[in-house]
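Input: a single structure, listed below in structure tokens.
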């Protein structure tokens, strides 16, 4: 495809979330606070896991990376969206738009893989406890996290290359608060039917296969819990409960957005708020409120800071 066509549109205009100036000021304050909570909450988990001797099990190793991904993921969209509430014309350059598209899919897909790996970890811990230390070693965990990042990168490169090869010759208004693949496909001045199918197949295959693995691992876990004591059952369900909550909050909206073909639905941007803002903000809360080990590690860390 001739690259001259591609560069005709030098920038895109993001229509954002609200059309009302009064609402914009309120939205700015709300999302600025949300972003602060996302960064502070997830950083707190990273620092707690790194500095605590008690949180050295694989589950917390994965949780640390989940928090790092959450900070990166929301940083791709939330600061720009928040700043846009204060300006009249919400523009983003062509390169900036493609970079945002890459970041959203890279960190989003990495998060899906890390959540799946965490389910595998819970499955081994509960269903095969005697083999746990042998199967889930530090090295295996490292490879799993590395694999998650590589998988996210490959997925994102595919989505990004498909988009950059499309010709954009106007209009350039995106009915969203960040550059995502479906809104961009609608703006391309060529037939995007086949690209749309590849995009949906790529995202859909990853989301559905990971979701299938997650559901399967939890069905097996629930069956095997019948053999445990009530105390063991309670403890297992408490660690799994946090994970299930996060999975539902993240996968539900993601599946809704990416498994359908490109459609003229402005509700996509409201759904996207769930996985770009709400889930990264709630993750630290869900994992700390439901987890005694994390709470006590945080208390010890706090007491140590206060004493020093």
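Every residue gets a Cβ built from N, Cα and C, even glycine.
Which of 160-192, 193-225 counts as transmembrane segment depends on TrEMBL, and there it is 193-225.
Contact check: the transmembrane segment (26-55) against the transmembrane segment (140-158) gives fewer than three Cβ pairs closer than 8 Å, residues 6 or more apart, which falls short of the contact criterion. A Cβ distance under 8 Å defines the sequence-distant neighbours of the transmembrane segment (237-259), meaning residues of its chain 6+ beyond its ends; these are 59, 108, 111-112, 115, 118-119, 122, 126, 180, 182, 199-200, 203-204, 207-208, 210-211, 214, 218, 221, 225, 268, 271-272, 274-275, 278-279, 282-283, 286-287, 290-292. Counting only same-chain residues 6+ beyond the ends of the transmembrane segment (193-225), those with a CB under 8 A from a CB of the stretch are 105, 109, 112-113, 115-116, 119-120, 122-123, 126-127, 151, 155, 158-159, 162-163, 166, 181-182, 185, 232-233, 236-237, 240, 244, 247, 251, 254-255, 258-262.
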